[in-house]
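Participant: In case it's useful when we look at the structure, here is the feature table from TrEMBL:
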type	residues	note
DOMAIN	2-89	domain 'DUF11'
DOMAIN	128-240	domain 'DUF11'
REGION	227-267	region 'Disordered'
Amino acid sequence: IEVSNGKGGGKWQAIAVQDSLPAGVRYVSDSTKVNGEAVSDEDWKAGTYATTLGSLTETEKTTISYEVQVIQVPKSGQVTNRVTAEGSDASGEAVVADPAEVTTPIEMSANAFELSKHVYNEAGEKLDGKAVEVGSQVEYRIGVTNTIAGTTLTDFHVSDAIPSGLDVKAGSLKVVDQTGKAVAYTGDIQDGNLEVVLAEVSAGNPVEVRFEATINQEASGDLTNIAVGKTDGGDDKETDGENGMKVSPKPSITKTASVAKAKLGET
């Protein structure tokens with residue numbers, strides 16, 4: 001921020017500067033400098049910087065700088081920051097500068113999240129890569145972790161094309177945090193496809209999408225299920241498929257004769 005008094009201007013005094021941060025960014029503590037010199041954060045309150053400068057004579061200027069962290073990507077893909085400055089002349093008459101603003105594009109960072117998927121039996125034991133039988137009850141858990149400290153992912157999409165060898169248990173879909181508390185989401189499982197949108201995933205608070213299913217009679221061989229996660233404006237990421245289970249046939253063959261003992265010529 002540069003506050004200045006132009007060439008030929010009379011003394012501008014008691015200059016009140018105000019700058020309110022837009023949604024999606026957060027002030028970085030102890031980063032404010034005035035004319036290159038570090039100052040305390042006492043002029044920051046709830047995301048707004050408000051300070052009063054002394055006076056500026058002709059061609060004088062004061063430069064204010066500070067740092068912010070991007071904590072959320074807005075739907076518009078940009079943030080606009082506006083600053084105002086208002087003072088007076090020596091007679092006490094108000095002197096107001098035209099507001100200044102800057103718009104900065106914001107995009108999703110690479111590797112902003114991690115996605116995992118595992119499957120468990122009714123006892124809570126992990127079944128990844130293990131053999132199961134037709135009729136087994138299992139629970140899938142798709143984990144979403146925000147990997148960028150201090151940030152929040154919004155409208156996070158999770159999708160999963162559920163294999164035909166699974167019958168999803170009606171009403172079993174739920175989304176919880178690491179303490180088991182319900183997390184806000186929209187969406188459902190329909191026609192074998194899971195599509196949900198998580199309202200928020202904040203750093204340090206992983207979220208799990210869970211649903212239960214039964215191994216049905218169509219299951220045979222490797223039963224692999226891959227989930228896909230996506231942020232608005234970001235790339236898709238798939239789970240690695242290591243949660244696959246194996247459903248093996250149980251073949252048998254028997255043979256009997258129609259009589260216990262036969263004689264020559266008999267059938």
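The backbone N, Cα and C atoms fix where each Cβ goes, glycine too.
Nobody curates TrEMBL annotations by hand; they come from automatic prediction.
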Participant: Could you give the mean pLDDT over the domain 'DUF11' (128-240), rounded to a whole number?
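Facilitator: In the predicted model, the domain 'DUF11' (128-240) has a mean pLDDT of 93.
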Participant: Could you count the residues of the domain 'DUF11' (2-89) that DSSP puts in helix, in strand and in coil?
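Facilitator: DSSP classes over the domain 'DUF11' (2-89) add up to 0 helix, 49 strand, 39 coil.
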